[in-house]
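Pasting in a structure now, in structure tokens, and then I'll have a few things to ask.
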Amino acid sequence: MSTDTALVIGLGNPGPQYEKTRHNVGFMVAGTLAGRMGGKFNVHKKSGAEIVEGRLAGRRVILGKPRSYMNLSGGAVAGLARFFSVDAANIIVVHDELDLDFGTIRLKLGGGEGGHNGLRSISSSLTTKDYLRTRVGIGRPPGRMDPADYVLKPFSSTERKELDLVCEEAADAVELLLELGLEAAQNRLH
């Protein structure tokens, strides 16, 4: 990755009722990264997001959490990108991924949204799918449960025991992306 400012976005839904749900793992990883940056989230009025400004892996980083619901998060992401003059190549979105087993972390550039409405909103608002993604596996729903219901459920007690470690590993993956770029970070992580 370049030495330009990076925009790292954790996806989730606002409000205490969503705080511990699978869909909010992006917010959880953003919290881990904010701790590493030594900062606290503050409202950025022009974008509709909460942000922390600081450094990670030797890079200037704007860490953001949209304050809108997941399916409307693109407006906040595009607003931050415009305000801080960050192009899509320097945006990393951290999000939950149904198609990966719980705790599996994968990095990718662009591609489809896989039914993820937060990614769809971001791609639409940025008018490109070519931004980096840190995908955090939450697993598939059991039986015939609707995936839309599953992502809004809390993690199981077994998963909760491992969640802090998963968030640390996802934060490590973001730092690898910032430091090494996609290919080298993928080689280390995958």
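Note that Cβ sites are derived from N, Cα and C of the backbone, with glycine treated the same way.
Pulled from Swiss-Prot, these are the listed features:
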- Asn13: site 'Discriminates between blocked and unblocked aminoacyl-tRNA' (SITE)
- Tyr18, Tyr69, Asn71, Asn117: tRNA binding site (BINDING)
- His23: active site, proton acceptor (ACT_SITE)
- Asp96: site 'Stabilizes the basic form of H active site to accept a proton' (SITE)
For the tRNA site (Tyr18, Tyr69, Asn71, Asn117), what does the 8 A shell look like? I mean other same-chain residues with CB within 8 A of the CB centroid.
Asn13, His23, Ser68, Met70, Leu72, Ser73, Gly118
Given a 10 Å Cβ-Cβ cut-off, pick out the one of the recorded positions Asn13, Tyr18, Asn71, Asp96 that has the most other Cβ atoms nearby.
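Of the recorded positions Asn13, Tyr18, Asn71, Asp96, the most buried by Cβ count within 10 Å is Asp96.
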Can you tell which of His23, Tyr69, Asn117 has the most other C-beta atoms within 10 Å, given these are the recorded positions?
His23
Look up Asn13 (site 'Discriminates between blocked and unblocked aminoacyl-tRNA') in the DSSP assignment and reduce it to helix, strand or coil.
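In the DSSP reduction, Asn13 (site 'Discriminates between blocked and unblocked aminoacyl-tRNA') maps to coil.
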C-alpha of Asn13 (site 'Discriminates between blocked and unblocked aminoacyl-tRNA') to C-alpha of Tyr69 (tRNA binding site): distance in Å?
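The separation of the Cα atoms works out to 5 Å.
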Sequence order is fine: just name those recorded positions in Tyr69, Asn71, Asp96, Asn117 with a Cα within 10 angstroms of the residue listed as 'active site, proton acceptor'.
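For the residue listed as 'active site, proton acceptor', the recorded positions whose Cα atoms are within 10 Å come to Asp96.
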Determine, from DSSP, whether Tyr69 (tRNA binding site) sits in helix, strand or coil.
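Tyr69 (tRNA binding site) sits in coil per DSSP, no helix or strand.
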How many whole Å apart are the CA atoms of Tyr18 (tRNA binding site) and Asp96 (site 'Stabilizes the basic form of H active site to accept a proton')?
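Just about 13 Å between their Cα atoms.
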